[in-house]
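Here is what TrEMBL says about this protein:
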BINDING   89, 93, 178  Cu cation binding site
DISULFID  89-93  disulfide bond
DOMAIN    51-215  domain 'Thioredoxin'
C-alpha cells in the first residue's frame with residue numbers, strides 16, 4: 001500500500017473512531033489531526049516542556065479563475081475544504097462537483113469557510129476555462145476558488161501535503177489520476193478530515209464536521 005493510501009485509510013479510520021466516541025456529547029467532540037507528527041522539547045519559564053509539531057500545509061501560490069493569485073495567506077483565519085480535479089475529467093469529477101455544490105451551498109456566505117479546488121491539468125485549464133467551469137456550477141464569487149499553476153507544484157502539494165493522489169497517468173481515462181477525497185483543513189493549516197467526495201454520505205459527514213470544527217474554535 002502506498003503512502004497516500006495509508007493516510008487515506010488512516011484518516012477514515014480516525015474519523016470513524018471520533019464519530020463513535022461522540023455519541024454521548026457531540027458538542028464536545030473534536031476532530032482528529034491527521035498526518036505525521038513529531039515531538040520536540042522547548043524551555044518555557046525555565047522548565048523544559050514537550051511540544052508536538054503536526055503535519056501542516058506549506059506555503060503555496062496559485063492562480064484562481066479570475067486570474068488573481070491565491071496563497072496560503074489568502075486562507076488565513078479560515079477553515080477550508082480542498083480537492084483535485086480537471087475540467088475535462090470523464091469519470092469521477094462530475095460526481096465530486098455535484099457533492100461539493102452541496103457543501104458550497106451549506107457554507108455560502110460564511111466568511112470563516114472556503115473551498116479550494118486544484119486542477120491537475122493546468123495546460124488546458126487556464127483561468128478562463130476555470131471561470132467558465134465555475135460559472136456553469138453556479139459559482140460567481142471567491143468563496144469557492146478553482147486554481148491552476150505549475151503542474152509540479154500542484155502534484156507536489158497534493159501528494160506531499162494533502163496526502164492524496166494527483167498526477168498524470170497515460171493509462172488512465174482522461175490522462176490523469178486523482179483522489180476522490182475532500183480534505184478538511186483547519187485555520188492552522190492542519191488536515192482535520194478526509195471524506196469520500198463521490199457519495200452523499202461523504203458530503204454529509206463533511207458538512208457535519210465543518211460545524212464541529214467551527215464550534216471547536218468558538219470554544220477555544
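The backbone N, Cα and C atoms fix where each Cβ goes, glycine too.
The structure, with features from TrEMBL marked on it.
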{"residue": "89", "record": "Cu cation binding site", "Cβ neighbours (10 Å)": "21"}
{"residue": "93", "record": "Cu cation binding site", "Cβ neighbours (10 Å)": "26"}
{"residue": "178", "record": "Cu cation binding site", "Cβ neighbours (10 Å)": "28"}
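A Cβ within 8 Å of the Cβ centre of 89, 93, 178, the residues given for Cu cation, is found for these other residues of the same chain: 84, 85, 86, 91, 92, 96, 120, 174, 176. Under the DSSP three-state reduction, residue 93 (Cu cation binding site) is assigned to helix. Secondary structure at residue 178 (Cu cation binding site), as computed by DSSP, is strand.
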